[in-house]
């Protein structure tokens, strides 16, 4: 261990901060009018040696015809990136086809490694390393940011996060590689084809988190096809035959369990191949928005803001929880207005009996679907504000509380009317109509709001930008300046939250009331096919390139989908129990019907949980590889302990 540390320190000491072949990877934009002393201090910290608390990266200003703007390009030498890969714990494939954590001392044992091969690390990995090093630039003895006495610093505080919160630093984003992006765009969405997405290429360009989302979207779409194929004949030939719907609902319940368990296995295969299944979780730093009085972290021993957990709990239970309950009440109030509109449309149709009155029957559902989408988006902003105000220390805690708030409201807002129609009004015809209208309208609105509108706005801006810069273009450097100026004005991709939420709600529409509207899976498949292309277009053409984020799974969304599948068991069993055919089997005692439905529901839940237990989360070969790596790690640790005790 000591020899390894010594070798790494020697590598750092010989690492030069100047490289002739500068390759810009990351863009830093400072606020206009940023003071010279601040710029000088910040850039010096970026290029300074690791031993002096710097990041030891390369940086140069972006030069245009107007001179030097407050935009800087950040890169790194090949050696620096390799040492950074070890620091962040990247996992790469070895020559013996095993996956191991990369170390600079054992670099020769990794597949495709060569001292002159600058493509050993993907561009996304290089940008992730630079982001990690920039975020780990920490204050030493500085009490404030030079030139900004109000922006206080303390030892160990992240400099980049302080610059962001004080408004000195506008944004940091990774640059697109135009040639690679062109190739990826062509193979991904450039031509309509029936086949798999280039997930490995997506991962190399955008990172594992985004690649895993597209992998899940693709898998979920293929998994819906059996439901869609079976649903079409059920819809056409067995519309009112509830006996046949029992079989369809049972298949749906088993299907929802199997696809989620199989996804875990596919996810393990993908993330093992990409190396993120083996990556060790890093110690979480306080999130940028976290604030409090200075104190000592008992774990790290470092000075950092401390905020009372009692105050946070009071904010959650006395402010956030009542606000969420108030929003839920408002959602139910809007729902009752929708039913009044439905009754009005029905009365109008009875009085007139015309084609126009037939169309009017769908108007309340369409209006309600639009209102639901508007309420969901407004509530999302309120939930983000409240969760930020709760002042969570860690990003993971912030995300969990935000997801919980958003899921509860979206579930009630989207599905409360369907539950009310099914279990209070007992109107199966209205349930089918409402479900179809809500599903189709929400899909159209999401496609427009998330992809088509941003794409049109960005294309319009790009056209203006190209006209303005075309006459000024004189050399290759200005081409880079044009690229940077175009990309810095592009929208920021805020993560996969909204994309997973859309799939989660779609899964609810398909699974909760499957025995009432079998065509839901058909519309979901059609939507997801267009979603793959529109989301790909959005990632490549509409938004800035996001930083790669290593991940081993889809996180809390796996639990959300599994919870939805459990709820679907209950709803489908109750719907089948309410059918006239099943009700006729128990003419004398309704209690026997209730007990039978409850027994079947518990039986199906038991089968569901048994299947989840029986199907392994990881394939056998990956389990063996992980066990082998763990054994080798323990043996290496044992050998190091023996060598250490021997030297003493």
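A Cβ is built for glycine as well, from the same backbone N, Cα and C atoms used for every other residue.
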TrEMBL record, transmembrane segment, of the ranges 172-195, 268-291, 292-315, 316-339 the matching one is 316-339
TrEMBL record, transmembrane segment, of the ranges 245-263, 340-358, 435-453 the matching one is 245-263
Matching 402-423, 468-489, 534-555 to TrEMBL annotations, transmembrane segment lands on 402-423
Which range is transmembrane segment per TrEMBL? Of 593-615, 616-638, it is 593-615
